[in-house]
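Working notes for the structure below.
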Amino acid sequence: DGCGHTVLGPESGTLASINYPWTSPNSTVCEWEIRVKPGQRVQLKFGDFDIDDSDSCHSSYLRVHNGIGPNRTEIGKYCGYGFQMDGLITSKSNEVTVQFMSGIHTSGRGFLAAYSTTDKSDLITCLDNASHFSEPEFNKYCPAGCVIPFADISGTTPHGYRDSSSLCMAGVHAGVVSNTLGGQINVVISKGIPYYEGSLANNVTSKVGPLSTSLFTFKTSGCYGTLGMESGVIPDSHITSSSILEWPNQTGQVNIWKPENARLKRIGPPWAAFISDEHQWLQIDLNKEKKITGIITTGSTLAEHYYYVSAYRILYSDDAQKWTVYREPGMRKDKIFQGNTELYQEVRNNFIPPIIARFFRINPLKWHQKIAMKVELLGCQFSLGRAPKITLPPPPQKKNDKNADFMDDFIHSVKTSLQTDKTTFTPEIKNTTVTPSVTKDVALAAVLVPVLVMVFTTLILILVCAWHWRNRKKKSEGTYDLPYWDRAGWWKGMKQFFPTKSSEQEETPVRYSSSEISHLRPREVPTMLQTESAEYAQPLVGGIVGMLLQRSTFKPEEGKESSYADLDPYNSPIQEVYHAYAEPLPVTGPEYATPIIMDMSSHPSTPLGAPSISTFKAAGNQAPPLVGMCNKLLSRTDSASSAQALYDIPKGQLGPGSADQLVYQVPQSMTHPTVSKDE
C-alpha cells in the first residue's frame, strides 16, 4: 500500500512513493519489479530522495536488488533527509527489484526515481527543468510516465515553454515524446517572453505563465503542418460520416449539420451525428497516403449548442474497407484520446509513432449532450517506403525459463506491431522547428538580407562623401570668392597655350585724372572705370587720400603724353577702345599692383577747378586739366604715328587740332565758366 505514481514501460519508466511530494504515511510498503529486454541492464536515477533516517535505515529505507524473486541480491540500502544521489545505480542483469519501507516518522517526502536501459546515457527524471542545464542546446532522454499531477508547465508549441517547466512533461505536451514510451528530446534554450499561453494537448494541461528570463523549445521532425481541412484542400466529397443531424429551427427552416462543416475554425455549425452512440464516426479521405502526426479538435463553437466530444478512438485504413485501431507500440489496448472539455478550446493529440494511411476515421466514445465536432489533421507528405518488418527473436528453448512470461508479452507486442506496421517506426529526429518550405525561405533571406544591407550602405556612403566634398569645396572657395575655374592661377596656366600678341597690338594703358572723374555723376563713374580684363590689375580710383604712398605698378608710354578730351557722351560717336597692357615691374619689384590712393581734390565738396594729382607718372608735358565731361579713353593706332594719341573730334569741327585749340562741348546737364561754343 506504499506505491505512488508508477509507469513501467518496456525501456524506461517512473516510480514514486505514495503521497509524493507530500509526507508519506507511516507503516507502508511497496515493491516494484522492473524487467527490460534480455541482454540489457537497468539503470536507476533518483530525482528526489527524502526518507527518515532517525533509526539508521532500520524502519524507513529504500532497498535496490539485482534480479527478481528469492534469488535476488542486494545492491544497496538508502535513507536520509535530502539525500543527494548524483550517480546512477546500475544492475547486473535485465531485472531489478526496488523496495520502499516507511516506518514511524513525522516528516519525509519519500522519493521519485526514473529508470531506463543502460544505453540511455543521458537519462533525466520528470523533475528536471531547463534551469538545471547551462548549455544553450542539449539532448536528453525522458523516461515514460512523466505526466505527473504534481508538476506544472507553462507555454505551448511553437512559442516555447517557461524555463521552470518540467522538460519531459513539456515534451509530452509538445508531442515530442510519448508518456507511455518515453523518448529522446532535443532542447534549445532562448530568451524568455513576457507571457506564456496555456493549452490542453496529449492529456497535459499547460497553464498560463508570467515573464521569465529564458524559455525552451524542442527540435522535432517538422511534420506538423495542416493537411487541408481548414484550408479546403480536402474537398467536401472526401468528408463523410455515419449520420447527419437535421432539425428545424423556430422559423421552420431545416438545419443540416453536414460532415463538410467539420472544418476547424470554419464559421458556422459543426458536424453532428443524428444519433449519439459509440458507433458514430467521421471519416476523411486524404486522396493518397499521408504521414499523420496529430489531430486538433473543438466542440460546436456555438454558444447556444453546448456540444462537444470528450474522448474518442482513431482508426485508419488504406482502402476504406479494412480498418486498424490505433494503439501505442507494445500496448494491448486501444489508445483512448482525450477530447474537449468545453466547446471552444482547441485540443491537440499527437500520434507517436505517426500514422501512415489515406483514410482516417474518428470514433467518438464520450460526448456532452450530442456528438458534434470540428477537426484538423496534422502531418506531411509521405514519400518513404513501408517500415521494415520486425524480425522476431528466437523463442526460449525451455518453457520454464524465468523469462518466459516476459517473452510472451514481448511476442504479443511484436504481433500487435506487425498488424499496425505502418505506425511502429520512430521518425528521424531533425532540426525542423520551422517547416521545410519556411527553412528554404529563411536560407534565401539569410543571403539576400546582407547583400541588400551592403548595397544600401554603399549608396549612403557615396551620397555622404559627395555632400561632404561639395561642402569642403564651397568652404575653400569662400562665399564671395571666384569659382575654382575662374581664378587667376588657372588662367595663367591656360594662357601659355595661347599665341603671344605683337607689340603693335598691345593695348594702351588707361590714363585718367581724379579731377576729371570728380565731375562725373555717380552713375557714370562705374561706366568710366569699366575696362576689358587685362593680365595686370587695373588701378583703383577713388577720392579718399591725395597722395601716392608707393610707386604705381603701371608705366605710361614714353614720349609725349596724350591729353584727355571732354566729349559729349550723348552726341559723340562710339569708338572702339583698346587698352594696352602695362609693362611688368622689375623682378625685384612686387608682383601685384599697389593700391592707388587719390587725394581729396576729386571729392565733390572740393571747388571746381582745383588742381588734382594724377595717379600716374606721365612722360612729357602734363595735359592741362579740362573741366566738363569725362574724356573718352583713346587707344594706340596701327599707323606710323601710333606714338601720338588721336582725340575725338569736337562737335562742329572739321578735323583734329591741337590740344590747346580744342574746345569740347559740355553736356547740357553741366556748366563751366570757361566753355566756348563754336556752334
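Including glycine, each Cβ sits where the backbone N, Cα and C put it.
Feature annotations, reproduced from TrEMBL:
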| type | residues | note |
| --- | --- | --- |
| DOMAIN | 3-118 | domain 'CUB' |
| DISULFID | Cys3-Cys30 | disulfide bond |
| DOMAIN | 120-216 | domain 'LCCL' |
| DOMAIN | 223-380 | domain 'F5/8 type C' |
| TRANSMEM | 442-467 | transmembrane segment |
Secondary structure tally of the domain 'CUB' (3-118) (DSSP, helix then strand then coil): 0 helix, 61 strand, 55 coil
Among Cys3, Cys30, the one of these disulfide-bonded residues whose Cβ has the fewest neighbouring Cβ atoms within 10 Å: Cys3
Whole-number mean of pLDDT values that fall within the domain 'F5/8 type C' (223-380): 93
